[in-house]
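K.L.:
Heads up, here are the entries from TrEMBL:
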type	residues	note
DOMAIN	10-385	domain 'Major facilitator superfamily (MFS) profile'
TRANSMEM	12-41	transmembrane segment
TRANSMEM	47-68	transmembrane segment
TRANSMEM	75-95	transmembrane segment
TRANSMEM	101-122	transmembrane segment
TRANSMEM	134-152	transmembrane segment
TRANSMEM	164-183	transmembrane segment
TRANSMEM	209-235	transmembrane segment
TRANSMEM	241-261	transmembrane segment
TRANSMEM	273-292	transmembrane segment
TRANSMEM	304-324	transmembrane segment
TRANSMEM	336-355	transmembrane segment
TRANSMEM	361-381	transmembrane segment
Amino acid sequence: MTPAAVQQRGKVLWPVAAWFWALQFAVLNPLLAVLLVALYNATPTEVGWILGLYNVGGFVASLVIPSLADRAGDYLRPLVCCALGGLALVVVLALTTSLPVVVLALVILGGPPGVGSTLLFAQLRHEGAPPARVIRTRAIVSFAWVIGPPLATLVTGAAGTPAALALLAGIGVVNVITALLLLRPRGDAPADAATRPRLPAQLRGWNRWGVVGAFTLLQATNIATVTIATLFVSHTLGAPIIWAGLTLGAAALLEIPALLLIGRLQEHRSVRLLLVGGWASGIAYYGLAAIVRDPWQLLALQPLNAWFFATVAGLGLTVFQEVFPSPGLASGLFTNTRRAGAVLAGLLIAVLGTFPSPYRAVYVAASIVVFIVLAGAAAVITRHRSAAR
């Protein structure tokens, strides 16, 4: 296939693949607890344990599968296997009535489908895609996460759990097809695998782990404030819960154009400058959100929130791909900053729960955390410049 033909096919195939891989996860996540209760009569305690095991399986898969793909220098064959695993999971959910079988399926088959987007980003890096294209693809993923949860609840509410399983099966079939199409003969990727350091060498160095730690903290601030948003609106501001939905929805929708704009700016501006601007937006958003008195004020601040998280989610991925030479390792580690951030967010909310105004305290703490990350990054850059003189 000629390079021109490969490029033309990719213009359609890559966005479709990115959309449906993200949509699969965005539909399954809000439905999983409902399916466990409706189809298998799981108790609340059982649901908690099952979701915990499912997330552990996803965590392991997001590290192991991309690392194995790095060693093989092939990200598309594992993508096909992940697609088949996702389809097999839906089949098991549809056919079995045994809760232990479902748990086993979720642990073994549920993890790989969550790695699909990670492998797609790894393949983009492997093919030498510019950061702007990676960020644009990330915008597609964000859009899928905007559509997925309401689509899942709408279908389930209108036609029941069988329709939800049918929706997941349809998405799974599309993922298998797109993975197979991507696997077809394509243009040569840059032969950089032989020049990459071995895995232990890539994991050494305080600077690398400083990047991982910084983005984990940034993810934690986003997760913590999203988690308490409804309680902040209803308990602290004394407003109807619908304002929380409007606020979260506005942030999610604004994130998409923010990512697209960052993708364009990245081609002409320094990544460091864009990161500083994004993190400054985060400090401003969290600080101002902590002092709002009315829900419309919180809603008006969402452009700052969207710009901040777009720099974390979009530029953050490209930063990891620069810091860690192996594409699978880079994408896998970045994905897990979100998982680790969720743990830290829970701890942060728990610690601040004893404060007189705990939900305002979460926003204040988030602003301080982002400021510390920004100050730490500035200190590291200054030290490196001084050492280079």
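A Cβ is built for glycine as well, from the same backbone N, Cα and C atoms used for every other residue.
Bear in mind that the values here come from a model prediction, so they are computed numbers and not experimental data.
Looking at the shown structure, what environment does each listed feature sit in?
P.N.:
Outside the transmembrane segment (12-41), and at least 6 residues removed from its termini, the chain residues within Cβ reach (under 8 Å) are 47, 50-51, 54, 86, 93, 97-99, 102, 106, 113-114, 116-117, 120, 124, 137, 140-141, 143-145, 147-149, 151-153, 156, 161, 164-165, 167-168, 171-172, 174-175, 178-179, 181-182.
Counting residues 6+ beyond its ends, the transmembrane segment (47-68) has Cβ neighbours under 8 Å at 32-33, 36-37, 75, 78, 82, 102-103, 106-108, 110-112, 114-115, 118-119, 122, 199, 326-329, 331-333, 335-336, 339 in the same chain.
Through the fold, the transmembrane segment (75-95) approaches residues 24, 35, 39, 65-66, 68-69, 101-102, 105-106, 109-110, 112-113, 115-116, 119-120, 122-123, 126, 162, 165, 168-169, 172-173, 175-176, 178-180, 182-183, 327-328 of its own chain, all at least 6 residues removed from its boundaries and within a Cβ separation under 8 Å.
Long-range Cβ contacts of the transmembrane segment (101-122) within its own chain (Cβ-Cβ under 8 Å, at least 6 residues beyond either end) map to 14, 17-18, 21-22, 24-25, 28, 32, 36, 40, 50, 53-54, 56-62, 65-66, 69-70, 75-76, 78-79, 81-83, 85-86, 88-89, 92-93, 134, 137-138, 141, 172, 175, 317, 321, 327-328, 330-332, 335.
Listed as Cβ neighbours of the transmembrane segment (134-152) (distance under 8 Å, sequence separation of 6 or more from its ends, same chain) are residues 14-15, 18-23, 25-31, 117, 120-121, 124-125, 164, 167, 249, 252-253, 255-256, 259-260, 262-263, 266, 313-315, 317-318, 321.
Within the chain, the transmembrane segment (209-235) has long-range Cβ neighbours (under 8 A, six or more residues past its boundaries) at 241, 243-244, 247-248, 279, 282, 286, 289, 295, 298, 308-309, 312, 316, 319-320, 323, 333-334, 337-338, 340-342, 344-346, 348-349, 358-360, 362-363, 365-366, 369-370, 372-373, 376-377, 380.
Beyond its flanks by at least six residues, the transmembrane segment (241-261) meets 135-136, 138-139, 142-143, 145-146, 226, 229-230, 232-234, 295-296, 298-299, 302-303, 305-307, 309-310, 313-314 of its own chain at Cβ-Cβ distances under 8 Å.
Remote same-chain residues near the transmembrane segment (273-292) are listed as 218, 221, 225, 237, 262, 265-266, 298, 301, 304-305, 307-312, 315, 319, 360-361, 363-364, 366-367, 370-371, 373-374, 377 (criterion: CB distance under 8 Å, separation of at least six residues from the stretch ends).
Cβ atoms under 8 Å from those of the transmembrane segment (361-381) belong to residues 207, 210, 214, 217-218, 220-221, 224-225, 228, 232, 272, 275-276, 279-280, 282-283, 285-287, 289-290, 308, 348-349, 352, 355 of the same chain, restricted to positions at least 6 beyond its ends.
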